[in-house]
Ligand SMILES: CC(=O)N[C@H]1[C@@H](OP(=O)(O)OP(=O)(O)OC[C@H]2O[C@@H](n3ccc(=O)[nH]c3=O)[C@H](O)[C@@H]2O)O[C@H](CO)[C@@H](O)[C@@H]1O
Ligand SMILES: C=C(OP(=O)(O)O)C(=O)O
C-alpha cells in the first residue's frame, strides 16, 4: 500500500466518532513511569505512532511495556531500568520531541542519559535551550554529541529557582519531571499551564510528588526521595477533537465527538461560535455542526493556554476559507506554521501570509522576517489537487480541504497523520467521506 489517500470531496461529514487520550499528555505520562519504583497503568491510550515511539524508547531503557490497543491500557513496569542496554538509542533520532523529557528521570535513576536528536513537526526552529538551561540549573552537566546530547549528574540534582522567558510546554514538563525527585524545593515562574501539563501534575501527585500550582504561572515542587507507579486515565485529545470540529464546519457537516470535553476546549468553542458554527455539549462528548448560511470572518491570535492553541490553528484556517470576508490569523507560538497554506492556495483559497504582526499586539516574531500572520479572504470554492502532507496538523488541514473540495484529491504522505490521529481513515469512512488508500 502506498502512502497516499484519494479523497473524493464535496460531501458534508455526518455522524459520530470518538477521541481517546491526548497525544501531548500520554507520551509525557509514559515518561513519568520511569520515575516510579513500581509499575504504572495508563488508560484511554490511543493507538497513534507517538505512543509506539515512546514505547520503543522506554523498552530500550528497560521498562517492560504492554499495550492493549482495544482497551487502551498501557502497563509500564520500570523495575529493570538499572540493567537496561541502550546501545540502539541512535535509531530513535528524529522520531519525536519526547526523548528530551527522559533527561530528568534518567539522571535520577542512572546518573547519566544520552538523548538522540529530536523530531516533531517542522513548524519553526524549536530550540531546546530552555530545557538545557533548566537541567544545568539542577546541576546536570550537558555535552553535545554528534547525534544528540549526553548528560551527567555528578551528584543528586538540586532544587532551584527558575524563570522561563516564555511559557514553554516542554520546558515546564522538563522541570516537573526533574524537580519531583531533586533534593529540596524548586520554584518555576513563567510556567505553561496547558491542561495536558495539569494532567501530568495529577499523575506525579498520584506517584507521591508534592507540587503546588500558584497564581500567575508559578509552580512549586518539594522534591521527594521516592515515587511509586500510578494508575491514571488520560484526558481526552482536545486537538484531535477541534480538528474534527473544524472538518465538520468546513464541509458543512454535523459531527458528534465522544470524548471531547468542554473545560479544555472553552477557547476553541468561543471561536467556533464566533465563526458561526454551532455546538452542543453533551454528557459524553460535544456535537459540532454548520447551521447553514454564511460563516463569519474573525481576527484570531494563537497563544499559550488559556489562549487559542496553535495546534488548533491549521485545521480552523481551512474553515475560514469558507467564511464571508477577511479573517486575520496571527501565529505567535511558532514562527513558521503557515507553510501548509501553499496547498490551500493551489486548491483555490485566497490566503496571503505576512511578516508583520497583524490583527493585534506584537509578538516575539514581529521584526524577525518570519511569515507568521495570514489574511484569509472567503468564501472560495476549493478544487481537488495533488498535495503532500507537510506536518501533523498541516496534514490534517490538507485532508479537510480535500474533503471540502470538488473532485478527487490525492493526499500524499498521509502516514505522518498517524502520529496524532488514531484510525483517521476509519473515522473518515464512519462520517461518510469517500476515501480510499492508494
Ligand atoms: C509533544 C507536545 O506536547 N507538543 C506540543 C508542545 O510542543 P513543545 O513543548 O515543543 O512546545 P513549546 O511550548 O516548548 O514551544 C513554544 C515556543 O517556545 C520556544 N522554545 C521552546 C523550548 C525551548 O527550549 N526554547 C524555545 O525557544 C519554541 O521554539 C516555541 O516558539 O507544545 C506546543 C505548544 O502548545 C504544541 O504546539 C505541541 O503540540
Ligand atoms: C506540533 C505538534 O506536535 P509535536 O510537538 O509532537 O511536533 C502537534 O501536535 O501539533
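Here the Cβ of each residue, glycine as well, is placed from N, Cα and C on the backbone.
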Request  = For the UDP-N-acetyl-alpha-D-glucosamine site, TrEMBL lists 97, 311; sort out which one of 281, 329, 333 goes with them.
outcome  = 333
Additional residues surrounding UDP-N-acetyl-alpha-D-glucosamine, by Cβ distance to the 97, 311, 333 centre under 8 Å = 24, 120, 121, 123, 169, 310, 334
Query = Taking residue 24 (phosphoenolpyruvate binding site) as the reference, which of 121, 311, 333 (the recorded positions) have a CA within 10 A of its CA?
reply = none
Inquiry  = On a simple 10 Å Cβ count over all chains shown, which one of the recorded positions 121, 333 is most densely packed?
reply    = 333
Key: Cβ packing number for residue 97 (UDP-N-acetyl-alpha-D-glucosamine binding site), 10 Å threshold   = 18
Note = Pairwise CA distances across 97, 311, 333 (listed as binding UDP-N-acetyl-alpha-D-glucosamine) top out, in Å, at 16
Task = Measure from the CA atom of residue 121 (active site, proton donor) to the CA atom of residue 333 (UDP-N-acetyl-alpha-D-glucosamine binding site) and give the result in Å, rounded to a whole number.
result = 13
Note = Candidates 23, 24, 97, 121, 311 (recorded positions) with CB under 6 Å from ligand 1, in sequence order, are 24, 97, 311
